[in-house]
Amino acid sequence: NAFNNDLLYPKLQTLLESDYFRLYKVNLNKPCPFWTDHSHCGVRDCAVKPCSPYSAEANEQLDECEKAEHLGAVDVSLSEETREAVLDWSKHDDEAERFCVVDDEESPDAQYVDLLLNPERYTGYKGPEAWQIWNKQPCNIARTFYSWLEGQCVEKRAFYRLVSGLHASISVHLSARYLLGDNWFERKWGPNASEFQQRFDSELTKGEGPKRLRNLYFLYLIELRALAKALPFFQQASFQLYTGQLEQDQKHKEQLLDILQLARSFPLHFDETALFAGDREEAAKLKEDIRLSFLNISKIMDCVGCFKCRLWGKLQTQGLGTALKVLFSERQIEALPKSRTGWPTFQLSRQEIVALLNAFGRVSTSIKELQNFRSLLSEQQ
């Protein structure tokens with residue numbers, strides 16, 4: 001807690017406000033591949049009532065469903081100057097050699113979104129389809145989860161804990177930026193201690209809440225370890241956080257390296273060498289099973305009805321996937337300084353870099369918010 005809240009969190013938040021990290025390319029129009037999306041909103045009073053895109057009368061007060069849809073809408077406005085800049089960034093990135101192509105990046109429906117204009121917070125989306133994302137996953141994924149829990153092998157338990165930690169982190173965000181008031185004069189977001197307790201209190205969750213929080217810390221350690229492992233990649237002289245503003249780009253690279261050096265200095269790192277350490281053939285199959293299962297979880301994010309929630313869900317799952325890619329590529333990363341010619345041994349796209357840092361920023365924020373909730377709840381006792 002002290003390492004994150006006092007040392008790392010302030011520096012990371014400053015970096016994530018820069019142009020390079022605030023713009024994320026995403027396709028929010030992909031259909032759900034697992035079940036029919038009925039686009040129900042999740043406000044308590046109309047959990048199964050379809051939301052109308054617009055009010056029939058121009059001056060008619062928005063009903064609860066319309067409010068929820070409006071709050072969950074994504075602001076995709078970018079200035080003309082920014083639009084021209086990202087075209088230049090894309091040209092710069094296309095000239096770099098890349099191994100991994102993310103479908104959202106290449107989709108004609110994808111567009112850049114300013115993350116600072118679309119903060120992750122509670123929007124009113126909590127109907128049955130919201131719970132379906134986590135509780136009613138497609139049969140193949142559900143069966144895989146249950147078989148993993150029965151098998152109890154360390155790799156599968158680790159994967160399950162990562163998904164649980166991601167769910168817990170998102171729940172912390174929604175509890176910390178809860179819609180406390182909405183009228184014609186203002187909307188007010190802030191911490192909702194009651195909502196936090198509903199999700200994490202031991203008695204109210206039949207003992208599951210503390211487990212979820214432990215998994216949140218586990219997720220933090222995994223992503224922190226990935227940042228530390230990725231340091232040699234970002235230290236390359238050829239690597240730039242390219243936005244075309246040379247002085248700013250160099251300043252932001254120095255800030256990033258400072259954060260990664262700080263991550264590497266953490267004394268209690270997760271030891272990933274215990275994973276996939278058995279029979280080589282069996283370990284390779286297990287790693288591929290986990291990769292495919294994680295790919296399915298990434299696809300589930302296209303089933304989220306609230307578009308702002310979908311945006312942050314897709315970003316955070318891609319960020320975690322990138323962290324796992326880093327951890328599984330240690331040898332390739334270590335070989336980077338030696339690969340002066342030919343294909344690079346390891347590569348990250350701009351999309352993966354933005355997702356990796358912002359996803360960790362979200363988990364870092366969750367750890368910070370836990371401190372706030374501890375103080376808030378202690379004051380109420």
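In case you wondered, yes, glycine gets a Cβ from its N, Cα and C as well.
What TrEMBL records for this protein:
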DISULFID  C41-C46  disulfide bond
BINDING   R121, T123, W134, S164, H167, R199  FAD binding site
ACT_SITE  C306  active site, nucleophile
DISULFID  C306-C309  disulfide bond
ACT_SITE  C309  active site
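Here the Cα atom of the residue listed as 'active site, nucleophile' is found 11 Å from that of R121 (FAD binding site). Residue with the densest Cβ environment among the recorded positions C306, C309: C306, by other Cβ atoms within 10 Å. Taking the Cβ of H167 (FAD binding site) as centre and 10 Å as the limit, one finds 17 other Cβ atoms among all the protein chains shown.
Long-range Cβ contacts of R199 (FAD binding site) within its own chain (separation 6+, distance under 8 Å): A168, S171, S175, T205, G209, R212. Its Cβ placed at the centre, S164 (FAD binding site) has 20 other Cβ atoms within 10 Å. Closest to C309 (disulfide bond) in space, going by CA atoms and restricting to the binding-site residues R121, S164, H167, is R121.
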